[in-house]
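Quick look at what Swiss-Prot annotates:
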| type | residues | note |
| --- | --- | --- |
| BINDING | CYS89, CYS110, CYS341 | [4Fe-4S] cluster binding site |
| MOD_RES | MET1 | N-acetylmethionine |
| MOD_RES | SER7 | phosphoserine |
| MOD_RES | THR435 | phosphothreonine |
| MOD_RES | SER446 | phosphoserine |
| MOD_RES | SER456 | phosphoserine |
| MOD_RES | THR467 | phosphothreonine |
| MOD_RES | SER488 | phosphoserine |
| REGION | 398-489 | region 'Required for function' |
Amino acid sequence: MESTFSSPAEAALQREAGVPGLFTPPEDLDRVYELERVTKFVCDLGCQRVALQFPDQLLGDAGAVAVRLEEVTGSKMFILGDTAYGSCCVDVLGAEQAGAEALVHFGPACLSPPASLLPITFVLGQRSVALELCAKAFEARNPDPTAPVVLLSEPACAHALEALATLLRPKYQDLLISSPALPLPVGSPSSQPEPLERFGRRFPLSPGRCLEEYGAFYVGGSQASSDPVLDPDLSRLLLGWTPGRPFISCCPDTGQTQDQGVQAGRLRARRLYLIERARDAHVVGLLAGTLGVAQHREALAHLRKLTEAAGKRSYVLALGRPTPAKLANFPEMDIFVLLACPLGALAPQPSGGFFRPILTPCELEAACNPAWPPPGLAPHLTHYAELLPGSPFYVPLPPPESELWDTPDVSLISGDLRPPPSWKSSSDTGCSALTPRPQLELAESSPAASFLSSRSWQGLEPRLGQTPVKEAVQGRRGIAIAYEDEGSG
């Protein structure tokens, strides 16, 4: 039975991976998993212990890949197949517990910078792409040969973008090819200008050009599941792409295309709704998601400062993977904010849903920072690192005397007038002394006390002075599942 506070330990062992036996033919292992490149990575580092991280859908090949690498490199391989939170993030903690000197991540990845300096390489996979069908679909959707278009893809199809561009370049002059933002080798030459990095991808823009000028042609997904809600990577692109610019998705197997403009509008509309919910909230639960991504401590401190500045109370909850059963134990929270990688924060919610909405840090920033967005720029960000100092999108909080804090606002959900937030120091107790009448009567206003008084059950009744005083006696011994006086029956 699932615990309401933590996932059972047996869940990882009893979960069906869905891929029995060998998934890839032995003769294709070298090509699919890029074993030659992985071998060079291990040999160049001289590692003796290497961790291999596989998602559930690739566990059928994990044993064969590990054996092949051990034979070629002579190093000891450890398979990490029980990632507790999200397989798209690098499991640095698991690799360190195994004593690994390097880590190889297989499968889809968010490509977020890890929190550790452990050497890491990524194998995104190589999904087959029908280049001729995709090229014809591109020409049908882009009749203007001078229109600026950027080629995007899911990580497993990135290997085919250059070949697709070769088929299109004789006709289209303004093509931009994106590539996964993989970690660059140490000491690699940097003679060319550094490309723009966004959405886990690199965009080699020409001088004077910006990404907002381009439309998008995305190769990925499938005909059966074209809903971007089911694909966090596509949702990230749709949220962040410039509104009004075309965004076309293409199935790599059939070449069937779909205009994602309507889906992008739905995602942005939901984000605006969540921002309104955050503005109405008084108590915020900060969910500490994956701890293997860089700057998660700085982001957590930033979110706490943000909620304090907006006059809201925040509580940090470390619950692992969020589930409706876990979060239902905290009815005091008005909203939850998930601090995770972009793919983890935009992952689809389980069936049944949560009783309180789960937001991303970017939505909380838009709700609590009155200076957001910066003038002339309204990006739909998806990664919390873009909110921190050093990012081009960082917007500092206005000073306490700024008029931005005194601007009245009306809730678009309830229709009530929201009072202007007040800047509260960390030493504030959360209660305000009010003197509404000259009788000098003292009244305390506390959000926590107001919520407690509205609950149907407020805890055990103290009954002070109503029960006799007794000497303390020994109570029951054992644990809740089996006390000593209950026997084994």
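Every residue, even glycine, has its Cβ placed from backbone N, Cα and C.
Taking the mean position of the Cβ atoms of CYS89, CYS110, CYS341 as the [4Fe-4S] cluster site, the remaining same-chain residues with a Cβ inside 8 Å of that point are GLY86, CYS88, VAL90, ALA109, LEU111, SER112, THR290, GLY292, VAL293, ALA340, PRO342, LEU343, GLY344. Averaged across the region 'Required for function' (398-489), pLDDT in this predicted model comes to 71. Taking the Cα atom of each, CYS89 ([4Fe-4S] cluster binding site) and THR467 (phosphothreonine) are about 56 angstrom apart. Cα spacing between CYS110 ([4Fe-4S] cluster binding site) and THR467 (phosphothreonine): 60 Å, rounded to the nearest whole number.
Using a 10 Å Cβ-Cβ cutoff, CYS110 ([4Fe-4S] cluster binding site) registers 24 neighbours. Mapped onto three states, the DSSP output places CYS110 ([4Fe-4S] cluster binding site) in coil. In this structure, of the binding-site residues CYS89, CYS341, the smallest number of CB atoms within 10 A of the CB marks CYS89. Rounded to a whole number, the distance between the Cα atoms of CYS341 ([4Fe-4S] cluster binding site) and SER456 (phosphoserine) is 38 Å. In this structure, the C-alpha atom of THR467 (phosphothreonine) lies 54 angstrom from that of CYS341 ([4Fe-4S] cluster binding site).
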